[in-house]
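Copied from Swiss-Prot, the annotated features are:
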ACT_SITE  133  active site, proton donor/acceptor
ACT_SITE  161  active site, schiff-base intermediate with substrate
BINDING   45, 203  pyruvate binding site
SITE      44  site 'Part of a proton relay during catalysis'
SITE      107  site 'Part of a proton relay during catalysis'
């Protein structure tokens, strides 16, 4: 399965709010050229919460077509209603995605029993591998390692994206879930340590703007070359911080636009474009990371 540097891809949009497929194709080509190991289409960073189901599935399917077998694509299939998650999963069944990434149901705060029932039902609706996604800072529910361990026995649940930033969970998840269960970091600031502790990869926001360097860091960490990984990672720490000066994906979408990779930085309400007070911060950290700003 997929190890290494995985981009949580933004979804570019036209000024009228429709999806900008020309820019999306450009982004896919950019990540192929930069050596990114895989793409997550329409996850949190891809504005999944504001894409209706048919549009969500269409963006995932088109991303796979643009990739044309040259880079694996993982499709986001999270929803806070199990029936909706199943419907979304079925709509991508023949898309060509190599796996699906499903965030814990948000807002309604399911119990561990509810999480197990939810993910088991979604997994049963498809033969495509499923990756769990724990990000309590956004969902208000924390899926503990013990719950993940129970779900790891489901044949097509193959891994988890753990975005708490709690590095103690790496060893605990590995102990409970076994060596074959895939552990992905969802926190750029602690990703290097996550990999050195035994993680398999990183599903990254920063990878949208520093893919070559982020890939090099991941490769070094996976090879257990801690010194090289730190040397590559250190200049990126400012980027990691500045990309969360406002809610993701507001800053990263603005940054990708300033790189000239997408036609404009339109983002769907209730999110709004990056506040002017943060423009200077982001430009400065991008320049420090040797990113060309246009």
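Don't overthink the numbers, they just go from 1 along the chain as shown.
Including glycine, each Cβ sits where the backbone N, Cα and C put it.
Structure with Swiss-Prot features highlighted.
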| residue | record | Cβ within 10 Å |
| --- | --- | --- |
| 44 | site 'Part of a proton relay during catalysis' | 26 |
| 45 | pyruvate binding site | 24 |
| 107 | site 'Part of a proton relay during catalysis' | 9 |
| 133 | active site, proton donor/acceptor | 27 |
| 161 | active site, schiff-base intermediate with substrate | 27 |
| 203 | pyruvate binding site | 29 |
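Of all the recorded positions listed here (45, 107, 133), 133 has the Cα closest to the Cα of residue 161 (active site, schiff-base intermediate with substrate). Here the Cα atom of residue 44 (site 'Part of a proton relay during catalysis') is found 15 Å from that of residue 107 (site 'Part of a proton relay during catalysis'). DSSP classifies the residue listed as 'active site, schiff-base intermediate with substrate' as strand under the three-state reduction.
Rounded to the nearest whole angstrom, the C-alpha distance between the residue listed as 'active site, proton donor/acceptor' and residue 45 (pyruvate binding site) is 13. The residue listed as 'active site, proton donor/acceptor' falls within a strand when secondary structure is assigned with DSSP.
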